Amino acid sequence: MLSARTMKEVVYWSPKKVADWLLENAMPEYCEPLEHFTGQDLINLTQEDFKKPPLYRVSSDNGQRLLDMIETLKMEHHMEAHKNGHANGHLSIGVDIPNPDGSFSIKTKPNGMPNGFRKEMIKIPMPEPERSQYPMEWGKTFLAFLYALSCFVLTTVMISVVHERVPPKEVQPPLPDTFFDHFNRVQWAFSICEINGMILVGLWLFQWLLLKYKSIISRRFFCIVGTLYLYRCITMYVTTLPVPGMHFNCSPKLFGDWEAQVRRIMKLIAGGGLSITGSHNMCGDYLYSGHTVMLTLTYLFIKEYSPRRLWWYHWICWLLSVVGIFCILLAHDHYTVDVVVAYYITTRLFWWYHTMANQQVLKEASQMNLLARVWWYRPFQYFEKNVQGIVPRSYHWPFPWPVVHLSRQVKYSRLVNDT
């Protein structure tokens, strides 16, 4: 909280102080439009200012929340000024009192009244209490998790089903691929891909732990990753491609042995669907690449929900993602079209979802809103209807022990956001 002294000096705030106040009150979207505003400019804002650039498209509530916060700021400023000009809440007036030696001294009397105080009624506008712009709603997050888990299990089942349909490599050789024509296979490349993927997932999990609004963000992650794997179930089932290389040693077909298939599915789930764990030795899950999905999606979430000033962190994660995707092709474990389709679907679904989530008008179905025609629009409305505006990149320390300050003080309760 800002101190009373700081409140008193609000009119003298610099643009940097205004930006700090906006971040402190979870309104980072105003930092860029108001980057040159002083404290005096801030408290002079009116409803009309939000009907013209640069503020008319910043928030879906027409700036009402910011105006309410400014009213609170004015109220606290007024109370501090009133307190400093009055004694115990009442005006004090000095009068001359004669002394025995003929001189005069000044004696203060409350409100100028010789025998008591006169009450003053002050009308202070109080902003109406509002509910949180970013409710946690963990129940919805749990439903999104169940959806993602169901899609992952369904994908695993579908891999086992498709494996039975893959033609032997001796009968149906690999399809021609331009990348394979120019790059020879590197045996260890796929292990590098999976290691990079595990590093990115680990970084994202650690970053997620520090997020203040982790419920909303994880809900979005589960919805997107679940839908991507659901799409993957469809594409791999409708078109079964032959193995991309003669190096593949696919596990034997089971020919209707459902008990053995269940054991194989459980083994694949337990190993996370990774070849490096020895759990994935089935063929047929080519169109499109699940490894590309995770490498791309984890990078997109890491970049979207981390401070802009951590550009070096973004570049490291981007490099891990790009090298991992390149190694998929270098290992000849997926056709190039598998990677291209996976990248395209992942990025478009991520961008569409976040565009719709960040624009209040797109959360309402209408003739003009063509995005409302996607099949997952109703679930999207259910998960996002109570989230107002862009979710801040706000971090906090989630553990019971205090954080150790090394070089400079870091306040985890404040927004670490460079918009």
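Glycine is treated like the rest: Cβ placed from N, Cα and C.
Taken from Swiss-Prot, the feature domain 'SAM' applies to 13-76. Looking only at the domain 'SAM' (13-76), the predicted model's pLDDT averages out at 78.
According to its DSSP assignment, Ser14 (phosphoserine) is coil. Every protein chain considered, the tally of other Cβ atoms within 10 Å of the Cβ of Ser14 (phosphoserine) stands at 11. Sequence annotations record features per position, and here Swiss-Prot assigns phosphoserine to Ser14.
Sequence-remote contacts of a segment are chain residues at least 6 beyond its ends whose Cβ falls under 8 Å from one of its Cβ atoms, and for the transmembrane segment (142-162) they are 218-219, 221-223, 225-227, 229-230, 232-233, 236-237, 240, 261, 264-265, 268-269, 273, 282, 284-285, 290, 379, 383. For 142-162 (among others), the entry in Swiss-Prot reads transmembrane segment, with the evidence type sequence analysis.
Annotation source Swiss-Prot lists transmembrane segment at 190-210 (among others).
Below 8 angstroms of C-beta separation, residues 141, 144-145, 147-152, 154-155, 158-159, 161-162, 165-166, 175, 284-288, 290, 293-294, 297, 301, 335, 341, 345-346, 349-350, 353, 376, 379-380, 383 of the same chain, each at least six residues beyond the ends of the transmembrane segment (221-241), sit close to that stretch. Among the features that Swiss-Prot reports, transmembrane segment is placed at 221-241 (among others).
Taking Cβ pairs closer than 8 Å, the transmembrane segment (282-302) reaches residues 155, 158-160, 162-163, 165-166, 193-194, 196-197, 200-201, 203-204, 207, 217, 221, 224-225, 228-229, 231-232, 235-236, 239-241, 243-244, 248, 250-251, 264, 268, 273, 313-314, 317-318, 320-321, 324-325, 328, 334-335, 337-339, 341-343, 345-347, 350 in its own chain, all 6 or more past its ends. Here Swiss-Prot flags 282-302 (among others) as transmembrane segment.
If you look up Swiss-Prot, you'll see His291 (among others) marked as active site, on the strength of similarity to another entry. Around His291 (active site), the C-beta neighbours below 8 angstroms that are at least 6 residues distant in the chain are Cys193, Glu194, Gly197, Gly324, Ile325, Ile328, His334. Secondary structure from DSSP puts His291 (active site) in a helix.
Taken from Swiss-Prot, the feature transmembrane segment covers 310-330 (among others). Long-range contacts of the transmembrane segment (310-330) within its own chain (CB-CB distance under 8 A, at least 6 residues past either end) are made by residues 179, 183, 185-186, 189-190, 192-194, 196-197, 199-200, 203, 289, 291-292, 295-296, 298-299, 302-303, 336, 339, 343.
Look at Swiss-Prot and you will find 331-419 tagged as topological domain 'Cytoplasmic', backed by sequence analysis.
Packing around His334 (active site) is summarised by its Cβ count: 27 other Cβ atoms lie within 10 angstroms of its Cβ, all protein chains included. According to DSSP, His334 (active site) is assigned to coil rather than to any helix or strand. The annotation active site is assigned in Swiss-Prot to His334 (among others) on the grounds of similarity to another entry.
Marked as active site by Swiss-Prot: Asp338 (among others). Its Cβ taken as reference, Asp338 (active site) is surrounded by 25 other Cβ atoms within 10 Å in the chains shown.
Taking only the Cα positions, the spacing between Ser14 (phosphoserine) and Asp338 (active site) is 53 angstrom.
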